[in-house]
Amino acid sequence: MVQMVSLEGKLEDYDLGSGKGVADITLNGSIPVNCSKNSSFHSMPSNGVLESIKIVIFSTKINLLIPFGPAAILVKAFGRHHGWVFFLSLMGIIPLAERLGFATEQLAFFTGPTVGGLLNATFGNATELIISIYALKTGMMRVVQQSLLGSILSNMLLVLGCAFFGGGLVHSHKEQSFNKSAAGVNSGLLLMAVMGLLFPAVLHFTHTEMHYGKSELALSRFSSCVMLIAYAAYLYFQLKSQKDLYDPVEAETPNEGSHVDDDETPEISKWESIVWLAVLTLCISVLSEYLVDAIEGASVAMNIPIAFISVILLPIVGNAAEHASAIMFAVKDKLDISLGVAIGSSTQISMFGIPFCVVVGWIMGRPMDLNFQLFETATLFMTVLVVAFMLQEGTSNYFKGLMLILCYVIVAASFFVHVDPKSIEDKLGNT
């Protein structure tokens with residue numbers, strides 16, 4: 001493993017581009033990549049295959065849940081206990097999603113903080129997108145809609161709330177700060193996503209479609225294409241055009257060099273990270289198929305509404321990686337990365353994940369649209385408003401985190417008692 005270079009008395013060995021000394025340390029605590037002596041400070045560790053497996057598979061206790069995945073496959077093969085298949089698949093996906101986050105973080109060591117946050121959001125959402133594509137393939141459009149909606153709600157309320165709460169407790173002597181300009185851009189994109197979901201729902205429930213049953217779907221597909229273009233423009237804006245907007249907020253007073261964590265070095269190499277990302281994504285894909293097939297049977301067996309399973313249970317499992325990463329970075333007073341993971345993930349699902357599924361459904365011949373029904377759309381609208389107000393000051397504390405967590409508890413309770421009229425109509429139509 002690569003050892004961190006002590007900063008005391010050694011800064012003169014590096015030609016730091018900005019000349020700010022200690023303040024020019026990058027967000028992940030390393031020497032900036034533009035220093036002349038060592039332009040790739042995070043040199044790649046050279047691990048053998050067994051060492052790499054030991055680091056990724058046997059380095060955390062949560063991986064004790066991995067055997068639940070094969071157990072789900074065996075239960076499905078030798079019986080039709082949908083409740084057990086669902087439970088075992090759910091438990092088996094949790095460590096895989098967490099390890100996917102670990103591999104993403106390792107890869108992020110070799111990129112900047114902005115690209116690293118984008119990678120965390122992208123692969124953190126891989127689980128939800130894989131589950132959604134399998135559900136779309138089987139014609140379960142409501143599961144797709146509700147699981148993606150639940151992912152947004154979970155990231156904005158539960159993940160961000162836990163990050164604010166954990167960071168606020170550890171740093172209770174001060175208010176943590178973050179880049180409110182970047183948070184404002186994300187809030188604007190989330191409101192645009194709400195607009196995209198709101199108009200098809202209003203069009204449907206006011207019965208003002210020009211061509212009944214067709215205008216709503218056509219509007220959804222057109223809006224999805226527009227949203228995908230907007231997200232592509234956002235990526236260019238974030239990564240190329242206005243990179244300075246996403247620079248992290250500097251700490252007010254650096255503490256005697258103690259803000260540099262000696263253990264913040266990559267444990268696996270860049271190519272090891274890429275291979276593990278591919279392997280873990282494949283494993284999640286396999287278990288997702290078993291999970292989706294067992295949803296309806298599990299709903300009956302456990303007497304839990306499908307809406308609650310789709311909006312609450314599936315996203316909590318899928319967001320395991322973001323949850324762990326966001327809290328970890330907030331505790332280390334790196335709130336900009338926490339926001340990049342939580343809010344960035346919500347933005348990506350709303351502006352890319354949902355429109356992408358509409359377009360994929362279009363290709364598959366499935367009538368996937370943006371009409372998420374009034375109850376779900378209203379829930380998303382209120383969530384975006386609450387979070388936008390929380391972010392407007394550019395500061396956080398444990399009380400803001402607690403409020404977001406309690407808001408999520410209210411949302412979860414609401415979906416537990418919510419009867420989805422659309423799923424009832426689908427069942428009656430199939431009988």
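Using the three backbone atoms N, Cα and C, a Cβ is placed for every residue, glycine included.
Annotations in TrEMBL come from automatic prediction, not curation.
Over in TrEMBL, the protein carries these features:
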{"type": "DOMAIN", "residues": "83-239", "note": "domain 'Sodium/calcium exchanger membrane region'"}
{"type": "DOMAIN", "residues": "273-415", "note": "domain 'Sodium/calcium exchanger membrane region'"}
{"type": "TRANSMEM", "residues": "84-102", "note": "transmembrane segment"}
{"type": "TRANSMEM", "residues": "114-136", "note": "transmembrane segment"}
{"type": "TRANSMEM", "residues": "148-169", "note": "transmembrane segment"}
{"type": "TRANSMEM", "residues": "189-206", "note": "transmembrane segment"}
{"type": "TRANSMEM", "residues": "218-237", "note": "transmembrane segment"}
{"type": "TRANSMEM", "residues": "274-292", "note": "transmembrane segment"}
{"type": "TRANSMEM", "residues": "304-331", "note": "transmembrane segment"}
{"type": "TRANSMEM", "residues": "337-362", "note": "transmembrane segment"}
{"type": "TRANSMEM", "residues": "374-392", "note": "transmembrane segment"}
{"type": "TRANSMEM", "residues": "398-417", "note": "transmembrane segment"}
Checklist outcome for this item: Sequence-distant contacts of the transmembrane segment (189-206), meaning Cβ under 8 Å and at least 6 residues beyond its ends, amount to 152, 156, 215-216, 219-220, 223-224, 226-227, 230-231, 234, 343, 346-347, 350-351, 354-355, 369-374, 377, 380-381, 384, 387-388
Checklist entry - With DSSP helix as H/G/I and strand as E/B, how many residues of the domain 'Sodium/calcium exchanger membrane region' (273-415) fall in helix, strand and coil? => result 120 helix, 2 strand, 21 coil
Checklist entry - Considering pairs 6 or more residues apart, do the transmembrane segment (337-362) and the transmembrane segment (148-169) have at least three CB pairs under 8 Å? => result yes
Checklist entry - Under 8 Å, at least 3 Cβ pairs, sequence separation 6 or more: does that hold for the transmembrane segment (84-102) versus the transmembrane segment (274-292)? => result yes
Checklist outcome for this item: Other same-chain positions with a Cβ less than 8 Å from the transmembrane segment (304-331) and lying at least 6 residues past its termini are 90, 93-94, 97-98, 100-102, 104-105, 120-121, 123-125, 127-128, 131, 142-143, 146-147, 149-151, 153-155, 158-160, 162-164, 166-167, 170, 176, 291, 295-296, 298, 337-338, 341-342, 345, 376, 411-412, 415-416, 418-420, 423
